[in-house]
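Participant: Quick one: this structure, given as structure tokens, is what I'll be asking you about.
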């Protein structure tokens, strides 16, 4: 892609998200979401592969449906209350519609079916943008409206954690595994959104860091399936030693960084007398942990089929910058000691 076009599209991505962040009016927030969607569409279809075009078409239709639903809900709210302000939404009907529209935008279960299929058709770089940056603007709106219908949020959260766990069990494509991992993590964030928005933002920040590390590792290894992970020892031995910690951190295993948000969320749910929801969420985390362990096993304890003369593949110099991966992997592994500071910040 022409670098000038690429810079323009990336600028459109950043501008759309920034407009949504700074909006207090529903029309401006909707405009920012639309700019964001239109900027990423050419990035998704840039390889002109039929699978990429199919994924782009599915993404466009899904986002257009969610945007139309969001616009209709905000218009309904203005009709019922006379208010276009985001934080003035109070009627349960538009609140529910907006919550479901934003759930469709970010891929919460049971509105998740598009996410694994779309992510599977993209390259790892565009998939990273879709899994991280594209979640920010809808989450900003969810935090601002503070949905008052707790039953919908808890149902969406628990369904997402269960679907994200079950869906990833029998996958062999790494991008689909990461898609179901994203669904499960979004479920944890939605579960605690109405009780502690700051804890939701902490979980989102931790998820972005861990997902960035995972995508960069797979991109450096040029791996798209579980079987391709078996050649990691020969390609990057040092990175292969660190990667299990990144994957187990995604699964929420102590003493890694990913344990912190899940621990705090379970603590908050228990304080809110939602012990059954906390128990179900904790059990669903075991499902996710299983397929992270499966990836770890395939990467570190297996070798790809080969003959004696060709044990090692060529180690070509990587063009990927090492600093982002070094910083994100360090943060993914080592930030659990900051949990007391996080708890002090989150405690009102």
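Quick reminder: no glycine exception, Cβ is built from N, Cα and C everywhere.
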Participant: Looking at 32-52, 95-115, I want to know which stretch TrEMBL calls transmembrane segment.
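Facilitator: Checking TrEMBL against the ranges 32-52, 95-115, the transmembrane segment one is 95-115.
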Participant: Identify the transmembrane segment range according to TrEMBL, selecting from 295-320, 321-346.
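Facilitator: Feature transmembrane segment in TrEMBL: residues 321-346.
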Participant: Given the cut-off of 8 Å on Cβ pairs that are 6 or more apart in sequence, determine whether the transmembrane segment (274-293) and the transmembrane segment (321-346) share at least 3 such pairs.
Facilitator: no
